[in-house]
Structure formats: C-alpha cells, structure tokens
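Peer 1: Quick one: structure below, then a few questions.
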Amino acid sequence: MSKIVVRGGNKLHGEVNISTAKNSVLPIIAACILSGDKCIIEEVPMLEDVFVISDILRSIFADISIDKSTNRIIIDTSNVKDCDSCSELVKKMRASFLIMGPMISRFGRFKLSLPGGCNIGTRPIDLHLKGFSALGAEVNIGHGYVEARAKKLVGNKIYLDFPSVGATENIMMAAVMAEGETIIENAAEEPEIKDLAKFLNSMGARITGAGSGTIHIIGVKDLKGSIHKPICDRIEAGTFMVAASITRSKIKINGINEEHLKPIIAKLTEAGVYIKVQGNSLIVDGNRDLNPIDIKTMPYPGFPTDMQSQMTGLLCTVRGTSIITETIFENRFMHVVEMKRMGANIKIDGRSAVIEGVDKLTGAEVKATDLRAGAALILCGLAAEGETEVMDIYHVDRGYVDIEKKLKGLGADIERIQ
Ligand code: EPZ
C-alpha cells in the first residue's frame, strides 16, 4: 500500500494544468458499446478507474488500446458480446454499472452483479432500474445480481425522484436507440451529462436538453463510432483552488471552464479568496484574511458534494464558525475524524458539520476513506505544522492523476512512498 507524506508550511506558487474529467470519461467509455464500432477518446486521464472500466469492456470482448504517451484510448466494440463475464470486475467500481444501459440497448438483455455500496453511502440503483422498466425492460434482482431483459425498448416519459447523475446517464444511454421519444424529467444537470449527450449525438443520437432538468431523446436505428475530447475536471480544478486557499498562496490553474466552476468560485469568494478568471485559466489568491462561511451541497448547479471534504479542510483553518451540510450522500463525513487527528475542531450534527477554525493544524498519520476525503487530507497536510502521512492513497489515485507531482510542481514538500 502506498502513502503520501506531506511536510506542511510551504507556500504554493506557479501554474498547474487540470486533466479531463473522470466523471465524464467513465460514462463516455461505457457509451462506446452502443456504436458497435471504433471510437477514439482524446486526453483521457490515466486513472485507476479508467483502467478498471477498460478491463470490464475487454471482459465482454471490446478491443481497447490505451496509449499513455498521448493519453488516447481507442475502443472497438464491434465484437462485444452479451455475456456475464464481467460481474466480478463490476464490484471493483460502482460506475461500471453504467454499462447496463448500453448493453440492454444493444442486446436486449444484460446481467450484472449489483454494484456494492461504498464508504460514502449505500448508493442504490432504484432510479436506474425505474428508468429501464419504463422503457419496457423486465428487471429482476436476485442472488446479488440484477438482470434486465427487453425484446424492444420503447420511449417513455420518466420522472427521476432525485436528479441522479448515474441514473440520468444510464437511462439516456438505454433510450438513444429505443423506439420513439423519451423524456427524462428532473434529470441531473451536471456538465458531465451534457458532455455524454454531446458524445452520443456525435455518434448519431438525437438528444436535446442535456444539462437542463428535462432531456428529450428521439430514438434512432443505430449509432456509429466517433472521436471525442472530454471536458475538464471541475472537481480537480476545485481541489487545487482549495490547495491555494488553505496554504494562503497564489497560483494559476490552467484548462478550466468558468461555467462549471461557478458554485466553487462563489463560495471561495464569499470566504475571502481572490479569484480572477482569464479565459480557460484562473488566478486564485488565498493569501488574505479568510472568513467563515456556510455551505450546503446540492445537485448541480448547486455546490458539488465532491468538493465538500476539501472545503471542510479549508474551513478548519479559518477562524470562526462554519457549517457544512451534506445533502447528497448519507455518510460523507468520514474525513472529519481524520481531520480531528490533525487538531481540527469539528462537531457532526446530523447532516451538518459545525467547524470552529483553529490557528494551526498539526501533522499526523491519517487514512483516506474515499477519493475526495483523501485529497482533502493531503490539502490539510499542506497547511499543517509538521509531517502528515496519508495512508490508503489508492483511493486518491482513482480520481487524481499524479496529485503529488502536481502539488510538488507548485512548491509543496510532498512525496509518495510505495
Ligand atoms: C456521481 O455518482 C459521481 N460519480 C460521484 O462522484 C458524485 O459524487 C455523484 O454523482 C453526485 O454528484 C460518477 O460520475 C462516476 P447519484 P452517482 O446517482 O451517479 C441517490 C467522485 O468522487 N440515488 O447522483 O452514483 C444516491 O443514494 C464520485 O468522483 C438513489 O437514491 O451519484 C445519492 O444519495 C463520488 N437512487 C444521490 O442519489 C439511485 O438509483 C446522488 O447519487 C441513484 C442514486
């Protein structure tokens, strides 16, 4: 197991380039199944989750070549078969459930092991299955598996009880070749949804309204291969914005999309951080007297849950009382007990964390419990007095390319120890 060791206190300076978005690339790789053709995805972040979903597609006989020198993935799904060979792999990563929609669309049936929950919540799939059923699939759950069968998928109007990102993506992919029109209401509006729809439309799909709460899909006969460059990773960008803020430093972040960062820019600005957007870059200057703020995580365009742990870490270093309320996942405060080992003063009250800022965090041995919590603990280590060891760093590697190299490039005293 590798760990990351951070010796806190350094100011950051210089520039960092943001990778493309993991949460855009994963559904897009799944969507390649629909083409039965060759697709090329450019500038793919070389992340563990990308390798896992690639192995899952290989297990159903897709031919995938990953060129790490150009960050290009070529995916040929012409030989993909409806088989149950990938179930074990699916347990490694929840997002692999995103192949369900494309597989029942292309083959009229598919069986997968139920994706497990994870540390941040039970992660149900009821809304995914509600959508498949509404399109005419017969869905059965038993023995830890879920199977969907449909002689023919027929368009329908589907209302999502919650604007689930994954359910919106899975249903969209199941509907693109269904007969007639599908309307998804109360759909997720995240930028990654829009990016997936853009890719599907480049393959010949007819999707409008992606990125709004209502998505219209007119079924088409078939889809063709395409080439696509995914959007930038707004959560990685936000993570580096917090890195500058928690170390009270000024850095430049390149390869961002201002529109996607609005809620993060708004809340950091409210906390007193100076942020200036320059095209697809932004200057973040955290070297100011910051003030406490309250945050409530919400579906996009609200404040993203994937930035909650990073902001919790920042607000631990801001004098005064801040309150962060997590409304998306039922158990996304595991980083709090780790931050308290570093001297943070946080009380959990139901779905809220009440944070009393302290003058100094102190380095400690802490554990990453999920991808974003791990990133947040590294950020706390940057500001803490002394040395912080973040264990179980594999969580972080799922969503951040070379995080320690990027931070080292900004002047952090940080290293990975295998
Ligand atoms: C996506 O997960 C992201 N993952 C998550 O990012 C992100 O935190 C989440 O969206 C919310 O923005 C990927 O895109 C691969 P949801 P997803 O379905 O699709 C409930 C990261 O750190 N729900 O929007 O699984 C669910 O319990 C990861 O990169 C149902 O009730 O999220 C949760 O409370 C973590 N029934 C809420 O919706 C369902 O059928 C949000 O889940 C599906 C979801």
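Every residue gets a Cβ built from N, Cα and C, even glycine.
A quick note: this is a predicted structure, and the numbers were derived from the prediction, not measured.
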Peer 1: Per TrEMBL, which one of ARG72, ARG94, ARG248, ARG351 shares the UDP-N-acetyl-alpha-D-glucosamine site with ARG123, PRO124, ILE125, ASP126, LEU127, ASP306, ILE328?
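Peer 2: The record-listed residue among the candidates is ARG94.
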Peer 1: Nearest of the recorded positions to PRO124 (UDP-N-acetyl-alpha-D-glucosamine binding site) by CA-CA distance, picking from LYS22, ASN23, CYS118?
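Peer 2: Of all the candidates listed, CYS118 is nearest in space.
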Peer 1: State, in Å as a whole number, the widest CA to CA span among the UDP-N-acetyl-alpha-D-glucosamine-binding residues ARG94, ARG123, PRO124, ILE125, ASP126, LEU127, ASP306, ILE328 given in the record.
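Peer 2: Overall maximum Cα spacing for these binding residues reaches 22 Å.
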Peer 1: Which recorded positions of CYS118, ASP126, LEU127 contact ligand 1 in the sense of C-beta under 6 Å?
Peer 2: ASP126, LEU127
Peer 1: Could you check what DSSP calls PRO124 (UDP-N-acetyl-alpha-D-glucosamine binding site) once collapsed to helix, strand or coil?
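Peer 2: The residue in question, PRO124 (UDP-N-acetyl-alpha-D-glucosamine binding site), is coil (DSSP, three-state).
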